[in-house]
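Visitor: Can you read through this structure? Questions will come right after.
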Protein chains: 2
Amino acid sequence: MRSIHIGMLGLGNVGQGVLRILAENGAAISNRIAANPVISRVLVRELDKARALEVDPALLTLEPSDVIDDPNVRVVVELIGGIEPARSYVLRALEAGKHVVTANKALLAECGEELFAAAAARGLDIYFEGSVAGGIPVLRALREGLASDRIDRVIGIVNGTSNYILDAMTRTGASYEQALAAAQAAGFAEADPTLDVEGGDAAHKLALLALVSVGVRVDPDRIHTEGITRVRPFDIRSAHELGYVIKSLAIGNFGGDFGESVGPQLRVHPTFVPRDHILAGVRGSYNAVEVSSRALGQSMYYGKGAGMMPTGVAVVSDIIEVCRDIVGFSEGGPPPGAFREIRPVELAPLDDLECENYLCVHVPNVPGVLGKVASCLGRHGVSIKRMNQDTPGPGEPIDMVIMTERTAEAKVRAAVAEVDTFDLALMPTHRFRILDADDPVGAGA
Amino acid sequence: MRSIHIGMLGLGNVGQGVLRILAENGAAISNRIAANPVISRVLVRELDKARALEVDPALLTLEPSDVIDDPNVRVVVELIGGIEPARSYVLRALEAGKHVVTANKALLAECGEELFAAAAARGLDIYFEGSVAGGIPVLRALREGLASDRIDRVIGIVNGTSNYILDAMTRTGASYEQALAAAQAAGFAEADPTLDVEGGDAAHKLALLALVSVGVRVDPDRIHTEGITRVRPFDIRSAHELGYVIKSLAIGNFGGDFGESVGPQLRVHPTFVPRDHILAGVRGSYNAVEVSSRALGQSMYYGKGAGMMPTGVAVVSDIIEVCRDIVGFSEGGPPPGAFREIRPVELAPLDDLECENYLCVHVPNVPGVLGKVASCLGRHGVSIKRMNQDTPGPGEPIDMVIMTERTAEAKVRAAVAEVDTFDLALMPTHRFRILDADDPVGAGA
């Protein structure tokens, strides 16, 4: 299979995430795009630095041109951050005819005009999914999924640090200072948190959301921005009493058909959000972007907004998209959208599925019935976590509610089947599986 | 600008939505893809049928080959629904060298193997974003945004009718029969709701989610499926008392590294969902899909899952993607990902922004202070909705909480500025804007 060489600038957290994802999911990725994306050169500041990930030393270089000017390199991934030297390197890479992938929101928000023009002049593209909301593919959703729609408004929780701090204040009653210190201790806030807590980071992201939503470029320094540093526990409590939670929102209104003179309205500020609003449930360092568009209405994109692996996912997905285009164009036809090789499979039986269960058994209120049901469940290996029943008059029907411990499906089915054969059973038992929210990988419901 | 001719099979709700979206957003779409997608022929069953949308009669035909065999048509959009004749038409379109866009989940879930093979054999592609969760670009997120990640689990609320009925039962205490009747009256359930309420529709969608998530094809008839018809008000109440809500979920577990012998575990059934889980907040006929993947962790995609315009958005976005590829390939280079023409704009000032506000004014408890603050707000045109204050001892500081009516930003700022000049003001007023959840298009916060 054909290899496509990728050069990388920077090997920090996200860079190491990119290498790890390519190493772990390489086979599946090649299956999608009929090519093998290979990181062939990485610019670093120190060759011998200790890194969490083992990296082939032959890949590393201290010399930018080893990456940018390597004729084998088709795609340059910029993960240095900040404006310079990232800007110069990206311009040089574009001049050398290479596509660029970056997660650098500050660079794009400040110098986007220059960089996009340089790319367009050479028929190249700049991919930047990782720059907003980490691995949540919200830019892709706006650019492609809603490409046919007219976007009126975006509301984003796009700064994980601010959301983490406000969420901690809401949950624990802590002051801003206490919550910031805890966030710093937990690695969710920088030693100097200014860019996050004063809203500057969110303003950069909002400028990029506006670019992708309605094709306008705005100066992020002109965006009205208020930080979260003045939010007090009193305000949080007042908000709660009034039915709200305080969230730092980045809001872009594009609804008025703004023309040459009046632009979109963009702002970042702490906001009272009604407690039953979908954004009110975005906890901790999670990010979310709610989009309002004419035809689709309201839609929402939610997930982890930062970090080595989440941002790595976005960067590698951009790499895949470039590679898919490169392969397709050189082969003269559009590449397949999904997996090239799709295999038919048999489904796994549910017998081994383990989950907690709600059972409602229908029997008359006669002495010994509870024991009979409980013993039957026990015989089948179904442990009871709790049991509730109304206390009706003697002989009247009982709705006996039983919550089980985590139990294998086959056991629950067998137990319920036997209970339903009892002479006493008034109707078939009602059973619901309980979602185990914390067990995505296991067999739980 | 170059036109790309599209043929459409069927002109029901979604078909009319497609025409409307292309008519309303044509200019923005052309700006994105440097081409003009034109619906040039539409297969209908009756030429003279009354339709909500005015359609040029010259577009309409009763003869399938007028659409499928027209050499100018590059893309065929299938919106007939059901298996036959949709399947035959799609096969004929692929044989004639045309890309296919469809929102027909039953067709793809039942005959996908045959159709995808026919497409691949000719270097064509089938696009089907509209087939799952309407306009929410969840298939695109899985296929592209998470292309680099390993997907362990998807949990979807993918049948709007079932969710609407269960939500109504939860909110009103209605029985299943009552809620179904109300859903039918409101247009959220068919006269024969079997496919929706028994889980068959969700099973079709789950099969497609599995295809796009991990590249496997499963027989939807083999998916374990339980409907919502046996859910009783008693179960809903029990769930509530125990901290859960009942949702009909389509669950795909891909976490075990299943090989040739053991496949993924797929099922559709009503489930107890913890009340603070993000899926518990999905109301009415909304859809949502939660994805758990190795690197990104949990992400969620939420929005309207059905209807003329939401599904139309997905279909037109697919049309845009095909057109973008057609243009790019004929011009020998990858087409731009976002808007071709990006214009710098000035931001609108916030002065005209209207929203409700929370103000907390800090003054000592001296006679007349409340009146002084209230009069000041009134002078600036700020109406007070409610006012709370603790009653501290005389002279002690008050945190005077004021909720305002919807007021223009400039007025609120001027009023707060004046209050803060009072000799009595102990510190600057705390102010938060309140999110107006229902006003995406207007100027509200």
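Glycine is no exception: its Cβ is also placed from the backbone N, Cα and C atoms.
Quick paste from TrEMBL:
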type	residues	note
ACT_SITE	A:Lys205	active site, proton donor
BINDING	A:Lys105	NADPH binding site
BINDING	A:Glu190	L-homoserine binding site
DOMAIN	A:358-433	domain 'ACT'
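Can you tell me where each of these features sits in this structure?
Guide: For A:Lys205 (active site, proton donor), applying a Cβ distance below 8 Å and a minimum sequence separation of six or more within one chain yields A:Lys105, A:Ala109, A:Ser131, A:Val132, A:Ala133, A:Gly156, A:Val158, A:Asn159, A:Ala250.
For A:Glu190 (L-homoserine binding site), the count of additional Cβ atoms within 10 Å of its Cβ stands at 13 [all protein chains shown].
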Visitor: Should A:Lys105 (NADPH binding site) be counted as helix, strand, or coil on the basis of DSSP?
Guide: helix
Visitor: Please count the residues of the domain 'ACT' (A:358-433) that DSSP assigns to helix (H, G, I), strand (E, B) and coil.
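Guide: So the counts come to 22 helix, 30 strand, 24 coil.
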Visitor: What count of other C-beta atoms do you get within 10 angstroms of the C-beta of A:Lys105 (NADPH binding site), across all chains shown?
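Guide: Neighbour count, Cβ to Cβ under the 10 Å cut-off: 24.
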Visitor: Going by DSSP, is A:Lys205 (active site, proton donor) sitting in a helix, a strand, or coil?
Guide: helix
